[in-house]
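These notes are about the structure you will find just below.
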Amino acid sequence: MAKIKTIGILTSGGDAPGMNAAIRAVTRAGIYNGFDIKAVYRGYDGLITNDIRPFTTENVSGIIGQGGTILKTARSKEFATEEGRKKAYDNLVAAGIDALVVIGGNGSLTGAMKIAQEFDICCIGLPGTIDNDLYGTDNTIGYDTTMNTIVECVDRIRDTAQSHERIFFVEVMGRDAGFLAQNSAIASGAEAAIIPEDSTDVDQLARFMERGIRKSKRSCIVIVSESPKCGAMYYADRVRKEFPDYDVRVSILGHLQRGGRPSARDRILASRTGVGAVEAIMQGQRNIMVGVRNNEVVYVPLSEAIRSDKPFDRKLIKVLDELSI
Ligand code: F6P
């Protein structure tokens, strides 16, 4: 295998707080260890359009605390095609990039795995998504910050919910995973969470209403995982029809969950995994994601990282149930 001299970095998919800290870590650790760094702008689209620029340590000064991504990001349709990936590979070769670090979520790491399989290029993934749905790492970069943002929002919603004695359905992001919903519900003292991991087993709304929504409380907050069909609006409409005595409101938190300064935890996770990515390259690792499990930096094959069945600890459901009486 030829010696790696130049590392490319890109961010892809939904931005997540802490991505900048990860860009900084890969850039600085790369330069420290003698690599050249090239930044790819606008995710995989930038690889296809050749939006690639040399990066120095100054390029990443002062960004550790900034939300979003200074490299911009995109959900590239063209990269999903074989022709798109060929163009991207040709531009990687022309730029002299022999290892590519991709910071992103499930779709982005799937893209990294594909280009690595089709062409002779070393790809290293960093888990950058608020959804926390990547397998093999306890947390993803951005998850902790988003959780804190949700909790702050719910604290505010509780003030008005209590004042008016209303039921609030608060919809949070997470795509197909309920990590954000379940844990933010516990952290904000919400009365219930409706999550995809539980949706096939029970009618979660019925279970919650049967438990006695207002046994001891005159207002309540239900955190609902986003879903195209069964989001917060769906449950609010059901309560309006099935329990017309209740005064119901919906709050969809939306993209404000993705913005903001990254928490200390996310900055540390980004810094550790960024340094881990450069170490992995030096060790000759290929096509892995760098994560942290049980406080240890770990390398997870990309094919495993993108598995859709990251374990969800069902004891969390019990914790919320018991504490929301
Ligand atoms: O994957 C991150 C995420 O924020 C999901 O939670 C959400 O479903 C999706 O991205 C929204 O994507 P977009 O910003 O492209 O609408």
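The first residue you see is number 1, and the count goes up from there.
Even glycines carry a Cβ here, placed using N, Cα and C.
It should be emphasised that the depicted structure is a prediction, and the values quoted were computed from it without experimental measurement.
For reference, TrEMBL has these:
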- ASP131: active site, proton acceptor (ACT_SITE)
- GLY14, ARG75, SER76, GLY105, ASN106, GLY107, SER108: ATP binding site (BINDING)
- ARG24, ALA25, VAL26, THR27, ARG28, ARG158, GLY189, ALA190, GLU191, LYS215, LYS217, ARG218, SER219: ADP binding site (BINDING)
- ASN106: Mg(2+) binding site (BINDING)
- THR129, ILE130, ASP131, ARG166, MET173, GLY174, ARG175, GLU226, ARG249, HIS255, LEU256, GLN257, ARG258: substrate binding site (BINDING)
- 7-281: domain 'Phosphofructokinase' (DOMAIN)
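Between LEU256 (substrate binding site) and GLY14 (ATP binding site), the C-alpha separation comes to 12 Å.
Listed in sequence order, ARG158, ALA161, GLN162, HIS164, GLU165, ARG166, ILE167, PHE168 are the same-chain residues six or more apart from SER219 (ADP binding site) with CB atoms under 8 A from its CB. According to DSSP, GLU191 (ADP binding site) is assigned to coil rather than to any helix or strand. Straight-line distance linking the Cα atoms of MET173 (substrate binding site) and ARG24 (ADP binding site), rounded to a whole number, equals 26 Å. Geometry remark: VAL26 (ADP binding site) versus THR129 (substrate binding site), CA distance 17 Å. The Cα of ARG258 (substrate binding site) lies closest to that of ARG24, out of the binding-site residues ARG24, ARG28, GLY189. DSSP classifies MET173 (substrate binding site) as coil under the three-state reduction. For the recorded site, ARG258 (substrate binding site), the DSSP three-state label reads coil. Long-range C-beta contacts of GLY107 (ATP binding site), restricted to its own chain and to partners at least six residues apart, with a cutoff below 8 Å, comprise SER12, GLY13, ARG75.
Cβ neighbour counts within 10 Å, taken over all protein chains shown, single out VAL26 as the most crowded of the binding-site residues VAL26, MET173, LEU256. A coil conformation is recorded for ARG75 (ATP binding site) in the three-state DSSP classification, outside any helix or strand. In sequence order, SER12, GLY13, GLY43, GLY104, THR110, GLY111, THR129 are the residues of the same chain, not among GLY14, ARG75, SER76, GLY105, ASN106, GLY107, SER108, whose CB sits within 8 A of the CB centroid for the ATP site.
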